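As annotated by TrEMBL, active site, charge relay system applies to S219, D345, H374. Among the features that TrEMBL reports, domain 'AB hydrolase-1' is placed at 139-246. Here TrEMBL flags 25-48 as transmembrane segment.
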Amino acid sequence: MISLDFNLNVLTRDLSLYLENQVKVGLFGSGVLSLVLGFSAAYVYYYLISVAKKPQLISGGKKFYQFLRDQCPVVSETYYPTFWCWESRIQTVLRPFVTAKPGVSYRNELIGAADGGQISLDWFDNDDSASHPNSATRPTVLLLPGLTGTSRESYILHMVQQSRELGYRCAVFNNRGVSGETLLTPRTYCAANTEDLEAVIEHIQRTNEDAPLMAAGVSMGGMMLANYLGKKGRETCLKGVVVFSAGWDVFACTASLEKPLDRFLFNSYLTSCLQAGVDRHKSVLEKSYDIDHVMKAKTIREFDERFTSIMFGYPTNDDYYHDASPIHKLKSVQVPMLCLNAADDVFSPCHAIPVEAVKQNPNLALLITCHGGHIGFLEGLWPRRSTYMDRVFKQFAKAVIEQGGDLNDLSS
């Protein structure tokens, strides 16, 4: 444990004296060196006092809380964000660029949907699994990417890699039209509608009847999973769920992303990504929607008003946003669900994290870090290989699959 009980002036003085005796100061002089050392010591002190903190673990029941403490040590450990990029927006922006992309070969499967459309499912079969050589019983992890994400996102590849190390199989659910497949009907996806997710889960269960199944969702993928569990209650084959950086109240999320800096950094970019998807399938969609009007949207809210809410039959966009907000469905969740959020996530602001709702349901647990941004959670000097989020995923997935019996009847 690092002791924080030290005098900053003493530390600066001692460091300065040591370096002046060990190296030639040259043109800088001892005054500048002392200033540099003083600043460095002050930064370290601030980092250890205000940045590096243990996460807050909240659960609606003692049984789930103790299970996580016993089986997932990461929930009790201090999270040390990468010291040179701990600020939320920097973590969010840098994550895709600084983290490695593990090599993963998928087997693609297209599933027919009830409306005549098709859903793209990318499988990582992990046939080399030493711990689970029998394909029929090999545990399966269903992964849901974010708003415009696919199976090639770095955070998805990291979870596939973690699953490979555990000996598990993965299936990545790509939302309609985002991963290169042809859009057969004028319908894409949204956070509130879980019909495609239900079809995918039922298909996976039929394909691997004897294999335990759990799921992990990121950002909008986590919202969709939470909405699915709120709708299905106990009527699901999922053994457990973990969601990362979910937006719990869509009104609060969109309002946060419409602040000037966040609109510039994130909102406009994501809107353009959504519009690119629409433009890619324009020949199918233009028969049902005013594509020119959609392409003039400047924010996610405007895009949803002109496209998403209309596609899924909502009277107003506010009706869609209410239905898409998982916070209203958490009381109905009957499957163990762990939720990781950063308090500084501008996509899911701290005041909208459903602390009180989680406290009312013994099947829910909420892990809140002070820093981490949106799907960031970078740690280590150069965070290429693993993030705090990866460690939470790996430990929870292993606990659910291998110790899942301890999660039966969490209300007791």
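Heads up, the Cβ atoms here are built off N, Cα and C, so glycines get one too.
Predicted automatically and left uncurated, TrEMBL annotations should be read as such.
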DSSP tally for the domain 'AB hydrolase-1' (139-246), helix/strand/coil in that order, comes to 39 helix, 24 strand, 45 coil
D345 (active site, charge relay system) to H374 (active site, charge relay system), Cα to Cα, whole Å, comes out at 5
Spacing of the two Cα atoms, H374 (active site, charge relay system) and S219 (active site, charge relay system), in whole angstrom, works out to 8
CB contacts under 8 angstroms to S219 (active site, charge relay system), restricted to the same chain and 6+ apart in sequence, sorted by sequence, are P145, G146, L147, G149, F244, S245, A246, G247, F347, H374, I375
Excluding its own, the Cβ atoms lying within 10 Å of the Cβ of H374 (active site, charge relay system) add up to 26
Within 10 A of the CB of D345 (active site, charge relay system), the number of other CB atoms across every chain shown is 29
